[in-house]
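Here the structure is laid out as structure tokens; the discussion comes afterwards.
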Amino acid sequence: MVSMIHIVVFLLAITTMFEILPLITVPVTKYLSLSSFRNHYYGLFGWCVRGQNQELMCTKMKIGYDSTDVDSSGHVLTLPSNSKVVVSNLLVVHPISLAFTGTLLILAVIIMVTPLGDSPEMLLFTALFSLPTFMLCLLCFLVDILLFISKLDWPGWLMLAATISVALCCSMLWVMRRVVSVKKYESQQSIAHACSMEQYSISDIYQSKQNGNSSEYEVAPTHTDSLIAPEVTYRGFIE
């Protein structure tokens with residue numbers, strides 16, 4: 001059980017790092033991008049174009065793209081897929097997914113370092129919370145694929161690894177919850193069985209044994225005793 005929760009915490013920590021990287025793509029930094037296409041570099045909060053002097057010219061930072069957006073040099077947005085620009089508004093699921101994953105990591109750490117790890121209720125809540133976390137990670141990856149198709153860069157592909165990692169954590173949390181519930185049920189059953197047994201003191205057992213031994217030597221009288229017993233007749237003289 002201890003090793004399993006350690007694995008969950010480790011995987012969630014790695015997943016959190018994977019989900020942070022898309023948030024620091026262009027134009028936040030100029031070294032990472034979700035996708036690159038024809039000198040266009042796309043990030044979570046905008047997009048950039050590399051000019052003739054190899055300098056990136058970016059749009060203002062905001063979630064989602066706009067067909068009227070232009071960079072500082074007047075370039076117009078061009079997506080690598082045929083998706084409508086309005087789909088880019090779904091990129092908002094990235095920070096939401098990061099918040100859920102971070103919360104799930106905190107819950108896993110609490111389970112690992114506190115006695116709440118033996119609580120079926122706490123494990124049930126954490127396992128249930130992992131379900132929307134997994135769905136949000138999966139939605140992030142699907143949105144990235146829908147927008148950028150085969151032009152997805154490695155920070156975007158990390159969302160696939162994050163989705164698989166959260167799926168493994170979700171499965172292990174449900175297994176942990178099942179194991180703890182079974183152990184608690186078996187403990188309650190053993191306590192109930194012990195309480196239902198009659199308890200005798202040593203003196204009571206000894207007294208009962210003595211009564212049993214003495215009764216073995218007692219012979220109950222029968223109706224034949226009167227036939228076997230001799231009759232004594234007094235014969236005398238009457239003066």
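Even glycines carry a Cβ here, placed using N, Cα and C.
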Looking only at the topology recorded in Swiss-Prot, are E121 and D153 found on one side of the membrane? no
How do the residues of the topological domain 'Extracellular' (25-90) split into helix, strand and coil according to DSSP? 6 helix, 17 strand, 43 coil
Cβ-Cβ under 8 Å with the topological domain 'Cytoplasmic' (112-128): same-chain residues at least 6 beyond its ends: 1-2, 5-6, 9, 104, 170, 173-174, 176-177, 180-181, 184
